[in-house]
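What Swiss-Prot says about this protein:
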ACT_SITE  1218  active site
BINDING   644, 647, 650, 666  Zn(2+) 2 binding site
BINDING   1142, 1143, 1160, 1161, 1182, 1183, 1569, 1571  S-adenosyl-L-methionine binding site
COMPBIAS  94-110  compositional bias 'Basic and acidic residues'
COMPBIAS  115-131  compositional bias 'Low complexity'
COMPBIAS  132-142  compositional bias 'Polar residues'
COMPBIAS  143-154  compositional bias 'Low complexity'
COMPBIAS  193-212  compositional bias 'Basic and acidic residues'
COMPBIAS  222-232  compositional bias 'Basic and acidic residues'
COMPBIAS  260-289  compositional bias 'Basic and acidic residues'
COMPBIAS  678-688  compositional bias 'Acidic residues'
COMPBIAS  691-708  compositional bias 'Basic and acidic residues'
COMPBIAS  1093-1111  compositional bias 'Basic residues'
DOMAIN    7-101  domain 'DMAP1-binding'
DOMAIN    967-1089  domain 'BAH 2'
DOMAIN    1131-1590  domain 'SAM-dependent MTase C5-type'
REGION    87-338  region 'Disordered'
REGION    677-708  region 'Disordered'
REGION    1084-1121  region 'Disordered'
ZN_FING   626-672  zinc finger
């Protein structure tokens, strides 16, 4: 294909308009010359010929290679582009048929009008019939004649809203006009003026749809084009081209134009006179209008209607296919036309035109001289010298632009130098009557220079003022036409007030909380109910007000803009931060202090630790901050603004005469983008995208290993033995003491050792025993200590505290540097009663630091970050004391536990090649014949192959992109909340035999395959309806190795039980039963064979291996064993920050405690706790106040409730809020004070004062990573200092039986002498994406103690399991008590309903969403994975009678291109790479405008308005179900509503009998903030194990005491 020549090139109308706007920006000084040339080149590049494109690329290369200066480059590019514009051809130079054949789209093909004339010989509306056409066509640029100096007519150059005209199809090719030929072509033609019915059609609201709007818009766009030379000439004027004098009013379009003579006279006059003339024409246009008369006018109209009908005829199929094939080369659809002044869409049915002023309306300057407005009597003298500006009020006002389009004054047009005027009745400033009575009708006041707001401080009514060149006007009531615009302004101002007060009064509020506040606020008079749509509509203004408020913040103060709710609002609405609107005067916002919470009650111990840690750190951080400049985005207006020269930072700058030491940026240039980004970086999403595929068996380091530490071999001093060896072997001689220079070292001493790396600190070790090798090397066995800084405590540790670890090594005596002292600090006998003492340092064992004295009190596990009591092991009888090492003994025991050990061999050896056993010991379990075992899913498979559930991809070709324009965004197959990637649960087998072969020592198990319901031919449906622990016996067998066995479980026949299956299942998590056998070949169920009912296979063993009994006897023995569990006394629990009691409920289910006391400040949550724990004392007071009273010796609270005293509390649990800090990685001095005064410090002080036996702190997963782990380290440091054993971990609630991803950080602590609990193993499989539970502490990765990382005993719990049995309800259902529809359908439902005497379903109620939100929910499909991207783009009548609009796509999308039908995909100018334009915003659309606006930057907002999947799970916590909230999918899978309170409660694992209190939002918040009871119950079961172990150990010690006394007496 031959390349296009210059003369063949076409500039489309939309590109022409963009060039014109760019020219105007250059003339106004809004853009630099460099930016102008670059943007102009970018706009025109695709329309240039290949030769010119190559030439421009060559110039770029020369500029990069520095062969060309930047100025020379810009000049050459500008010259090339100007030449191109001069010589380009018209866009409609071809006929309709030729355009079509060349692949042009229909709209361009039908553009046949040239030179402002129609095919019937009439000129277009508003154009002159003179010859001054300047060679300009309605489609684009043509070569201009140098003789023509005047511009085009008004409608051609300035107006984007000319009435389009059409040819009849244009069967003949139009000739391009040259020189003044364009004017000649227009001579003698009739001017078209609108008839009555046409004029009425312009002004009336849209009552019917017009199919030809798009076509008319295209031609209207093509009829207004301006040569580049004209733009350059007009740039010499004082006023910008955008505000040119030739811009007419809307009424002037309908008036008869002056004669040719008058026009020529006008053009010869000055530009200021033209302005005045146009203003007069605009105001008096109605008087000058003339109606078309005679048949000529009607004929013109009839011909045009016929042509419009021809336009909208559908294309033939063949043409349609051709059109699709060529859509890449032809522009399918162009952006709709906009008014150049107000930027409103010209075909918008809501576009309103100013109806005009009253006949007696005056000019502004005349009105201002009216004596009725004067406040003076004439005797004041020089009073006016003090008040330079007049101030009045105006009522019944209306704001409009130069085109008389009624428009909003708050959309940024004033800032863009657009002239806005207003009319109304001016009244004196003291007149508060909003009626027009007594007002002076005034027309065309302005233009408006600025607008401002007042009344932010305390008042409910916000006042708004306009400022013109002559006066200021406080606005009162709008006219009827302007009411919708005025209501929107009132909304946004009042909403700003609500938002700022909300941010002041709440700590770290989330977006859903903000929505609740907005939606529940009573709007001011005249405003509609506040909704999420109105919040998003006004987001830019509201955020700017918050930015203005933040301007008064101190440098290290947390900005309100960084609050979670504000960050989400900014992302959703696509707010541009850092805008500084020069022409809008915002009212000064009073900087109110946030409400001061009660000062934290902190014990001296906690306070001392905080002060000691932060004393040096804050100083270091301040130095670091001084040398570190604030980061900037470099894009926002704040970053690009100059320094103010007045603030403290500026005064320190060298350029302002300062020292330059601080190196801080101007206070007015605090970049909001970077502040928001830092806060975002500190957040960790609940759903981790990384899969947890690490296997514990692949850990490099095992617990109890010997450490190989690189040490210096070279002798540092002379070493000699001091005595004779205590034992001599062939290779070694053991000694008790040695002399190192002048220091004597004995067994049990501690020494400092030189590391091989001199940059590392000296190692510390205890000398366990010493010897000399046969080769002469003098050695000792070292048991290592680690410094506190080497543990998870890091920099928060006590510098004198060390921790022994289970690592030891043979070391050279010559590497010892010196002897040191390490003292064991034992807990005092009255440890539990000395909490909260005034001087916590009295128990310090080191009185003076000499650099070589240290102490220890806890043992440390580096792999799991556990601090435990140091336990000394006694030497076994077979190991001599002089070479006994407790670490080595622990190593051996750990190794034995990991190594399989055989039990008794069976006498009946059926196969000579095998050795049969009755049992084997492995990982602490004894596996016997007849036991059930857990196996990984890959160990064996079943004969029934289940259909793999995969999401069926929807072909994009099957989607109607015009109806579903956002569906193309659904490119990813992954759906958040889906279980498609969920692993399978363990396979379960029942051991038939255990054996090894004589040729191979590998232990093998032969097992019966036990089928789960989902493994049978019935599939998942059967699993959903069956108990979780039901199995089916099968005759199928599998052979596996003992090493792959994951655990042990109980598998019994239901007929062998002497209790019900429900009672049996309630006895523990690892109990399974079967009633039937399954035959996979015949796909049928049958009675199990008799051999399956034998709990132990018969066989005679050797030695102790005896045959086991059959049937109920063995089951009864197991039950008898369980019934002899060690009893223990339940703990007395204090639940701080109790909420509605999720933690307490879980501990009740575990049976470990009694909820004696609870503290909850929020009254609704406290009432809920009382309802569910009637025997508990619930305090609704501030926890700080209560602790202060107790520490002061008070016995009762202010309300007379009895306070717990020292020694009363045995279990302390709670989740203190960790809020109010910035997103920075470290504390600053202000935040340190804030943290010291936080609820975390209060909660730790509760622990210090009461010294309970067990302590639990629950928080969000982010808690462990916050501030570079500093918050976690401080909490652990305080617990260690108190004397507690402690650890931390991350748990996933979904792994304990709830259909929800909820990762939580849990700190556990146990008092000295107690056993520190481990974290519970997962019970249910869950999405691997959400199960990353490791934590990075510095460069160290801390793992969970869980062994079941790849699978778990039970399948995952789904949404279907949770709530499929609940009755159908509608949006806004409010009936608190209803009946169940039927019986429970799943095991989860059966358990969650409990044993109610009269089953009543409570709280199955849901939020009443607004009409628009309800319509959106109704149109979300029911298919899995559906969300907002599946919404149709249609107008819908809402339940309140209003109609939501169709979303309009007005811009090209650089990233996503066009649809398959050629439709645009951008809804804002930012889609094209430009700045956001406020006029692009759309509201009340079924597809929320904000989502496609910012979707490209935020993963297409996947999940908003998303439905839950029946087979999926809830995404994170739902504290307030909002379809556009951050909390994931909240729409019911099948019903058009958000999830109900009871459904949320079930997702957390609360029983149906559990009560909540308060409003529907209170109940949602109580549920969402609670700890899931199933997870709390799993933790409680681990605490229960520790209690039983401790009780059993105490009983054994008590039993040994009499024996010991008797032995001592006998010796005496």
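If you go along the chain as it appears here, the first residue is 1 and each next one adds 1.
Here the Cβ of each residue, glycine as well, is placed from N, Cα and C on the backbone.
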>> On the three-state reduction of DSSP, what should I expect for residue 650 (Zn(2+) 2 binding site)?
In response: helix
> Of the recorded positions 644, 647, 650, 666, 1218, which one sits closest to residue 1569 (S-adenosyl-L-methionine binding site) when you measure Cα to Cα?
Replying inline: 1218
> What are the helix, strand and coil residue counts for the domain 'DMAP1-binding' (7-101) according to DSSP?
Replying inline: 71 helix, 2 strand, 22 coil
> Which one is it: of the recorded positions 644, 647, 666, 1218, whose Cα lies the shortest distance from the Cα of residue 1571 (S-adenosyl-L-methionine binding site)?
Replying inline: 1218
> Which residues in the same chain, at least 6 apart in sequence, have a Cβ under 8 Å from the Cβ of residue 1161 (S-adenosyl-L-methionine binding site)?
Replying inline: 1180, 1181, 1182, 1183
> By CA distance, which of the recorded positions (647, 650, 666, 1218) lies nearest to residue 1143 (S-adenosyl-L-methionine binding site)?
Replying inline: 1218
> By the DSSP assignment reduced to helix, strand and coil, which category contains residue 1571 (S-adenosyl-L-methionine binding site)?
Replying inline: coil
> Which of the recorded positions 1142, 1160, 1218 has its Cα closest in space to the Cα of residue 650 (Zn(2+) 2 binding site)?
Replying inline: 1218
> DSSP three-state call for residue 1142 (S-adenosyl-L-methionine binding site): helix, strand or coil?
Replying inline: helix
> In whole Å, how far is residue 1218 (active site) from residue 1142 (S-adenosyl-L-methionine binding site) when you measure between their Cα atoms?
Replying inline: 19
>> Whole-number answer please: how many Å between the C-alpha atoms of residue 1160 (S-adenosyl-L-methionine binding site) and residue 666 (Zn(2+) 2 binding site)?
In response: 44
>> Can you tell me whether DSSP puts residue 1183 (S-adenosyl-L-methionine binding site) in helix, strand or coil?
In response: helix
> Ranked by the number of other Cβ atoms within 10 Å of their own Cβ, which of the binding-site residues 644, 650 ranks first?
Replying inline: 650
> In angstrom units, rounded to an integer, how far apart are the Cα atoms of the residue listed as 'active site' and residue 666 (Zn(2+) 2 binding site)?
Replying inline: 31
>> Fewest other C-beta atoms within 10 angstroms of its own C-beta: which of the binding-site residues 1160, 1182 fits that?
In response: 1182
> Do any residues at least six apart in sequence from residue 666 (Zn(2+) 2 binding site), in the same chain, have a Cβ closer than 8 Å to its Cβ, and if so which, in order?
Replying inline: 643, 644, 647, 649, 650
